[in-house]
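Database features, via Swiss-Prot:
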ACT_SITE  2  active site, schiff-base intermediate with DNA
ACT_SITE  3  active site, proton donor
ACT_SITE  60  active site, proton donor
BINDING   93, 112  DNA binding site
ZN_FING   240-274  zinc finger
ACT_SITE  264  active site, proton donor
């Protein structure tokens, strides 16, 4: 699933392609993707004539800011956007097409069909699901060491499980939680409430650093991820633990191990991240 660095990269690349384009029509081939409004024809009619003023991001969600509405889109496992001409061949996995007045098309393709779209009146998107219960952005002033300490002070959950919960801090998924915990020297099965202030400080720093470097590299293309221009990310070449089971740790040469934490495959170095 695309995490914050991938979604941010898609946002940046798409914005260059579709900003100020006006929607002439919309074709929805898989109505189940449209969650709000629940009437697909109304979804289409509301979008006609709307111009894309900006594209924002909230956690792992893309926010297409229009004249009167905000389209909230989640890519889920394998969703992707791309700009095409009407003569370009459509893949069988293309499920939503936004046709612009200049003749170009923004296409949404999704092999798994798990992606979702919600259309809200501008200003209402943050007080409605799915955005209403999201935590703070990791690059915001609200993301502090104290926030992590207070949020996890009484939890019995493993630190990895706690970080994956989007209600405290958003955008973190399997890849970047594993990487941040490695760089902070914290075992993923440590109870979150057992971390010291120094460990929280290191974790806070490594979350921000890891995400920043991943964005600079265009995200991680582990399976099918590409950005809005169809380009793969390069951060997978910098991963220290994720997807490196039985390979030597870059710091100490110990074999990377894989376990399951909270139902998620989890990679760590048993030497650099000692068990609790």
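Each residue, glycine too, has its Cβ placed from N, Cα and C.
It is 7 Å from the Cα atom of the residue listed as 'active site, schiff-base intermediate with DNA' to that of residue 60 (active site, proton donor).
On its own chain, residue 112 (DNA binding site) has 76, 77, 78 as residues at least 6 apart in sequence with a Cβ closer than 8 Å to its own Cβ. Its own atom aside, the Cβ of residue 2 (active site, schiff-base intermediate with DNA) has 26 Cβ atoms within 10 angstroms in the protein chains shown. Shown for the zinc finger (240-274): DSSP residue counts in helix, strand and coil, namely 0 helix, 12 strand, 23 coil. Cβ neighbour count for residue 3 (active site, proton donor): 22 (other Cβ atoms within 10 Å of its Cβ, all protein chains included).
In terms of Cα spacing, the recorded positions 3, 93, 264 that come within 10 Å of residue 60 (active site, proton donor) are 3. The two recorded residues, residue 3 (active site, proton donor) and residue 93 (DNA binding site), show a Cα separation of 21 Å. Cβ neighbour counts within 10 Å, taken over all protein chains shown, single out 60 as the most crowded of the recorded positions 60, 93, 264. Distance from the CA of residue 93 (DNA binding site) to the CA of residue 264 (active site, proton donor) is 27 Å. Taken together, the residues in the zinc finger (240-274) have a mean pLDDT of 98 on the 0 to 100 scale.
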